[in-house]
Amino acid sequence: MDKLKIEASGALAGDVVISGAKNAALPILMAGVLAETDFNVSNVPSLRDVNTSCELLRCLGAEVTRSGDDKVCISTTNLNEFCAPYELVKTMRASILILGPLLARYGKADVSLPGGCAIGARPVNLHLQGLEQMGAKIEVKEGYIKARVDGRLKGAHIFMDMISVGATENLLMAAALADGETVIENAAREPEVVDLANCLIAMGAKIEGAGTDTVRIQGVESLQGCDYQVMPDRIETGSFLVAAAVTRGKIRCIKADPKSLEAVLAKLEDAGASITTGDDWIELDMQGQRPKAVNIKTVAYPGFPTDMQAQFCVLNALAEGTATITETIFENRFMHVPELSRMGATMELEGNTCIIHGIEKLNGAQVMATDLRASASLVIAGLVADGTTTVDRIYHLDRGYEHIEDKFKGLGGDVKRVK
């Protein structure tokens, strides 16, 4: 099994090209099921989860072809299966996003209950309740969600009990082909939701309010394929910016989206970074200074993203001062803390809050990735730790970061993939 071997690397410097957003690409690929003609998606990152999504679409009978580094073409002409099997779904929670498109276009879907990162319960009840309000008959048995509808789904007024990105996306796709108007209240506002909505609009959907907490969808009878470019990955961008801050370096992220990262950039400035932005780039310069400790509380967008929490644990571990990081989105999302403690970090957990006392140096150690973003934090820690750090179970990392070792090498990082 692959591992990453990391040596202390000094200040990162240079330009890094940001990949397409995993969390936008996955729902957009699933939306291909809604299109009656060929659907061409570009800026698709080469990741394990993307490969799983393509395999799932092929399993349903769709023709999926990849060309170049970042292009995917989907044709549903021969789609004739309506079951997303456990073997595929168990490795990726986002497989649940096939439910809405299959049900909306074909009237039936059997989807295995999902797997993915081990960071909390993340129930699917909001997806199911919304689809039931749109007229679907749903039962959960033998580990599968079995959904049926006679004719088209019906537009509905849906109030979501809690903000859920996945449920908002599933209902958005289902409502695009429903009969009548659907209103989703307390909808997720994440940029990836907006990207999906923009893609659906390019396919012929009628959607208003994406990016606000109330989204209105006027259902149409059919959607057509289009050419669509996935947005840049704001979490990959943030991860490289934190790595530069921790190593006291200066880097520029190219093909980035500064507007989607405002909460993260504000915290990096609080930590002492000088931030400059253009339309599609972000430059961070620490001017050789040690970061200052910053308090973090994860909240739904436009607040501070839970997917950047682990990286800021590393920043605070090496910062000047003491900070608290409070996780409000997922339970069980501090599994990186014991691993960072093995490297010498001074951290203590109290419920959903981590108290971090900054120290000057970490020490290299053998550590284990427990989920996608935790694994990124361990790589960042390895870049500034004395000695060698080995990160095991990096299949988590490959789910969400494209060519991460090559990108760090391009910035001067000593990161190697080994067996």
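Glycine is treated like the rest: Cβ placed from N, Cα and C.
Pulled from Swiss-Prot:
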{"type": "BINDING", "residues": "Lys22, Asn23", "note": "phosphoenolpyruvate binding site"}
{"type": "BINDING", "residues": "Arg93, Asp307, Ile329", "note": "UDP-N-acetyl-alpha-D-glucosamine binding site"}
{"type": "MOD_RES", "residues": "Cys117", "note": "2-(S-cysteinyl)pyruvic acid O-phosphothioketal"}
{"type": "ACT_SITE", "residues": "Cys117", "note": "active site, proton donor"}
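Feature map: Swiss-Prot annotations on the structure.
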| residue | record | Cβ contacts under 8 Å, 6 or more apart |
| --- | --- | --- |
| Lys22 | phosphoenolpyruvate binding site | Pro45, Leu47, Asp49, Val50, Asp233, Ile235, Arg399, Gly400 |
| Asn23 | phosphoenolpyruvate binding site | Val165, Glu190, Glu192, Asp233, Ile235 |
| Asp307 | UDP-N-acetyl-alpha-D-glucosamine binding site | Ile235, Gly238, Arg373 |
| Ile329 | UDP-N-acetyl-alpha-D-glucosamine binding site | Thr298, Val299, Ala300, Thr306 |
(message) Validating a neighbour-count step here. Other CB atoms within 10 A of the CB of Arg93 (UDP-N-acetyl-alpha-D-glucosamine binding site): how many?
(response) 19
(message) Can you tell me whether DSSP puts Ile329 (UDP-N-acetyl-alpha-D-glucosamine binding site) in helix, strand or coil?
(response) coil
(request) For the UDP-N-acetyl-alpha-D-glucosamine site as recorded (Arg93, Asp307, Ile329), determine the largest distance between any two Cα atoms, in Å, rounded to the nearest integer. (result) 16
